[in-house]
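Participant: Sending over a structure as structure tokens; questions will come in a sec.
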Amino acid sequence: MEQRYATSPEHLPGMGTAELRRRYLVENLFVDDEVNAVYTHHDRVVLVGVRPVTTTVALPTFPEIRSEYFFAHREGGIVNVGGRGTISVDGTTYDVGHGSCLYVGRGATDVSFTSSDSGGEQGPARFYLVSAPAHTAYPTTFVEAGQGAVRELGDPLTSNRRTLNQYIHENGVRSCQVVMGVTTLHPGSMWNTMPAHTHDRRMEAYLYFDLPDDARVIHLMGEPSETRHLVVGNEQATISPSWSVHSGVGTASYSFVWAMAGENQSFDDMDGFPVTEMR
Ligand SMILES: O=C[C@H](O)[C@@H](O)CC(=O)C(=O)O
Ligand SMILES: [Zn+2]
């Protein structure tokens, strides 16, 4: 498990491109038949990528979280950004298609991942797990792609028309900390989360997917008064500390999994600012 310690906004102006990417961009989560994990000390969120190809891949525990099994004192939300696959949780198997979401509650002991058709059009399943510490056990619950609470946002005239699906949230699948969903840009729209915001109560991670291989998302980060950018490829994640803007524009349309954890779960508890104040 890779350790990434928390940073403060004063650190940002001195960082060059390589350091920004090393701290806030996760490039290689999905490797054939492997489990890759990044521990971000921002709200103690762990990001995990699993890409089962030839075999079933079990979720191990990690020395860094000092627990007998991964979900001993954690919960997590999982979205499949690849081809159809299954997730087995203590003997129950969930059929998880592209864009569908499984919440796994604290106490789940044996969790494993399988691709249903790794040679298919969408390739092997790619399971993206966002985990945070949990104080109690909520039931493991599956949500089919598109069956969350839907918000239609933006306008094609400003190139930010998008459909947001909330899967794990206050009025949907319950959790201790993790709030999670998927946003899909409409064809011809390129901007996500513009106008942008921060939320000092929660960190947030974005995993961009369904982006063509030769396209990129220019992802903005930093305090609104001092922004930087990351150039992000398909199936790469960005870590956004509570003090950071998180908004991007693609060179093609795309989707992304957004996930948050921290002080509260209130989706609308955001700190907005006019775009004219950004620097
Ligand atoms: O705090 C909420 C998150 O930044 C995202 O849900 C925003 C988003 O998906 C969008 O505007 O497209
Ligand atoms: Zn946000």
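Cβ coordinates come from backbone N, Cα and C, glycine included.
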Participant: Please identify which of His98, His135, His169, His246 is recorded by TrEMBL as part of the Zn(2+) site containing His197, His199, Glu204.
Facilitator: His246
Participant: Identify all same-chain residues not among His197, His199, Glu204, His246 whose C-beta atom falls within 8 angstroms of the centroid of the Zn(2+) site's C-beta atoms; report them in sequence order.
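Facilitator: These residues sit around the Zn(2+) site: Thr193, Ala196, Thr198, Arg202, Ser240, Ser242, Ser244, Val245, Met260, Met270.
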